[in-house]
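Below you'll find the structure, written out as structure tokens, and then a few comments.
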Amino acid sequence: MKRLIVAITGASGVIYGVRALELLRETADVETHLVLTPAAIRTINAELDMTGDAVRALADHVHSHRDIGASISSGSFVTEGMLVAPCSIKSLSGIAHSYNDELVIRAADVCLKERRRLVLMLRETPFHLGHIELMAQATRNGAIIMPPVPAFYHRPATVDDIVDQSVARALDLFGIAAPKIMRWNGRTSEVESPEDDDPGF
């Protein structure tokens, strides 16, 4: 059984974390450990037709953001790693500087020190230099910065299609294949003109 930590912070885009939990429920042999920040609950109420309790119900285990002694705060509790979706700039800053004042940051720091995968779906734009330097520091520490930049080769018809593709790419980084996700297979676009040899660079 694989264990994956999912943290949802207060940035816009809580749908990414929620959808990750939903997809992981459909994936065999994955046990999820969820941490919700107070700001995440406010954002869930603002962006989704869900409550914090409804999101918690999607996870196998739920930990309070204040519980610095939770199982996931120890390196001896073996996991595949941690997905922070979405990741706020505040959380990025805490992770980059190992400022372990609450469970999201502590669990992320444990993943880094144990050389486990830490994927940060950073939700902010545009970036100033301070943001970029935080991303660089987190990357030097071992994190993977993965802003949820959408792809369009699968011709998404809905917002859910866009969200699912980004979440699936994030789960790929843990070796977890999300079900029912369209992937690029080298197929030529049907709308491409056959006489158009210009590569468009």
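Just so you know, glycine gets a Cβ as well, placed from its N, Cα and C.
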TrEMBL annotation, FMN site containing Gly10, Ala11, Ser12, Ser88, Ile89, Lys90, Ser91, Arg123 - matching residue among Thr37, Thr51, Thr158:
Thr37
Provide the number of Cβ atoms within 10 Å of the Cβ of Arg169 (dimethylallyl phosphate binding site), excluding the reference atom itself.
18
How many whole Å apart are the CA atoms of Arg123 (FMN binding site) and Arg169 (dimethylallyl phosphate binding site)?
16
Suppose the FMN site is Gly10, Ala11, Ser12, Thr37, Ser88, Ile89, Lys90, Ser91, Arg123. Which further residues of the same chain have a Cβ inside 8 angstroms of that site's Cβ centroid?
Thr9, Ala39, Ala40, Pro86, Cys87, Leu92, Glu124
Provide, as an integer number of angstrom, the distance between the C-alpha atoms of Ser12 (FMN binding site) and Tyr153 (dimethylallyl phosphate binding site).
25
Neighbour count first, Cβ atoms within 10 Å, every protein chain included; then name which of Gly10, Lys90, Arg123 tops the list of binding-site residues.
Arg123
I'd like to know which of the binding-site residues Ser12, Ser88 has the most other Cβ atoms within 10 Å of its Cβ.
Ser88
